[in-house]
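Below is one structure, written out as structure tokens, with a few remarks after it.
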Amino acid sequence: MEINGEKQESSEAEEGRKGRMTFLLALVTLISTFGSSFQYGYNVSVINSPAPYMQDFYNKTYLDRNGVPMDANFQTLLWSLTVSMFPLGGFFGSLMVGPLVNNCGRKGTLLINNLFSIVAAVLMGTSEIAKTFEVIIVSRVIMGIYAGLASNVVPMFLGEMSPKNLRGAIGVVPQLFITIGILTAQIFGLNSILGNAGGWPLLLGLTGIPSVIQLLTLPFFPESPRYLLIQKGNEEQARKALQRLRGWDDVDDEIEEMRQEDKSEKEEGHLSVLTLCTFRGLRWQLISIIVMMMGQQLSGINAVFYYADRIFESAGVDSNNIQYVTMSTGAVNVVMTGLAVFIVESLGRRILLLAGFGLCCGSCAVLTLALNLQETVSWMSYLSIVCVIVYIIGHAIGASPIPFVMITEMFLQSSRPAAFMVGGSVHWLCNFTVGLVFLYMEAGLGAYSFLIFCAICLVTIIYIFFIVPETKNKTFMEINRIMAKRNKVEIQTDVEQMMDLQTSPGGKAGKQEVVGSEL
């Protein structure tokens with residue numbers, strides 16, 4: 001008994017040593033998230049503070065060209081395009097994920113993606129000198145494409161190279177850097193720094209710096225080992241990449257797990273989005289990522305930030321200080337997402353998803369009440385501020401970071417790119433829709449708009465509670481087997497049937513492999 005106990009302790013110690021955070025893994029995580037995810041967040045909020053000065057530039061440029069001031073409706077249209085082209089570009093970027101990551105690799109796609117950011121940064125930074133506002137709108141589309149690729153490829157890249165016991169924590173880091181990007185844009189956008197008439201072109205152009213850093217440093221880091229072995233068939237390179245990432249020569253267990261996945265997917269090739277949408281063995285995985293991504297974007301995060309300034313003003317915050325208070329909400333977002341990095345492996349994904357959407361649901365309900373009563377009950381305005389902060393905490397610990405982690409974990413190598421294309425497209429389309437519809441919703445329903453967001457959060461909670469499994473500390477194959485039961489498909493039975501068909505006259509191996517691969 002004692003010997004068995006010692007063996008078990010030794011095995012656990014060895015497993016922990018293999019799954020530790022090495023300096024190389026930490027560095028590649030830092031470079032890929034700062035070079036890519038950071039810019040997504042930065043460009044989400046970078047045009048908020050200098051908006052009046054940018055609109056003045058639009059009007060002045062138009063006046064210089066045509067000799068008459070710009071029509072107010074036309075100016076509103078141009079500014080709406082400036083804002084909305086970013087999520088629309090994100091949608092187009094998501095559609096490019098599959099072809100690029102399958103042909104160029106995960107690391108290769110991130111390197112190519114930097115070119116979009118650098119070109120857009122140069123165009124936006126020189127737009128005032130060139131006296132053209134059109135390039136700002138075009139650059140917002142280009143930055144959207146960049147963000148659409150980055151928001152999908154970075155979680156995929158990091159998820160595939162992380163040990164299973166750190167996959168959740170590392171998977172949350174991209175969202176952490178998105179929030180850091182938002183906060184950085186808020187700080188640089190202060191009137192006293194770059195959020196003024198002379199500083200806004202530099203504020204927009206700074207987005208190219210992280211891309212230059214990533215372009216110069218990322219080539220020295222390894223490609224995703226799973227991509228090298230399963231998609232490129234190069235076990236030697238995959239082994240070397242794993243050994244560098246783990247800081248440990250014995251990577252046989254992980255190589256064997258990849259071989260099993262490779263064997264189950266042999267000759268299947270890459271699943272297209274159409275095949276993914278019609279494949280019975282991935283039905284619940286696909287529905288789950290669509291529900292989580294819709295819940296993430298339709299739960300009202302953009303609306304809460306839109307209302308935040310008004311809420312702070314009603315609570316008596318001086319209009320000159322509102323931007324500092326808004327910046328403090330950005331800081332709360334960063335701190336709570338940072339907390340999620342450290343608790344996701346101990347609490348698990350399901351708990352954070354349920355708790356996150358639960359906090360969002362409750363705060364939306366109370367916020368509706370508080371906004372409607374703040375004219376008659378003086379302290380309700382302070383309750384509104386509490387609701388905003390609680391909502392941001394809920395979104396930061398669960399609703400924002402975990403869905404992208406789940407896409408990585410719920411799909412195997414051949415279907416993961418297509419899954420990210422679907423999940424990313426839903427994410428950006430919902431983002432675009434909320435931006436388009438919310439102003440009309442707010443005009444018609446006022447504070448009652450938040451009841452709709454409350455209902456969406458509630459539906460998402462119910463779905464996650466009954467359908468989405470816990471994936472903490474499980475291999476991709478183990479998660480796949482859990483979902484096979486949900487899809488009412490038996491893996492072993494299908495593999496046996498496939499082998500029987502392969503040995504029968506006229507059996508087509510390639511086609512049958514598809515049947516058993518991901519079920």
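In case you wondered, yes, glycine gets a Cβ from its N, Cα and C as well.
Note: TrEMBL annotation is automatic and uncurated.
Sequence annotations record features per position, and here TrEMBL assigns transmembrane segment to 21-42, 77-98, 110-130, 136-158, 170-194, 200-221, 286-307, 322-344, 351-373, 379-406, 418-441, 447-468. Residues or ranges marked as domain 'Major facilitator superfamily (MFS) profile' by TrEMBL: 29-472.
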**Study point:** Stretch with greatest number of CB pairs under 8 Å, the transmembrane segment (170-194) reference, 77-98, 110-130, 200-221, 322-344, 379-406 candidates
**Key:** 322-344
**Study point:** Contact set, same chain, for the transmembrane segment (200-221): CB under 8 Å, 6 or more residues outside the stretch
**Key:** 24, 27-28, 31-32, 34-36, 38-39, 42-43, 46-47, 49-50, 53-54, 57, 107, 110-111, 114, 117-118, 120-122, 124-129, 136, 139, 143, 185, 188-189, 194
**Study point:** Whether the transmembrane segment (322-344) meets the transmembrane segment (447-468): three or more C-beta pairs under 8 angstroms
**Key:** no
Point to revise | Leading contact stretch, 77-98, 136-158, 351-373 vs the transmembrane segment (418-441) - CB distance under 8 Å | key: 77-98
**Study point:** Annotated stretches the transmembrane segment (21-42) and the transmembrane segment (379-406) touching (3 or more Cβ pairs under 8 Å)
**Key:** no
Exercise for review: Between the transmembrane segment (447-468) and the stretches 286-307, 351-373, 379-406, work out which stretch tops the count of Cβ pairs under 8 Å.
Suggested key: 351-373
Practice item. Express the predicted model's confidence over the domain 'Major facilitator superfamily (MFS) profile' (29-472) as a mean pLDDT, rounded to an integer. Key: 90
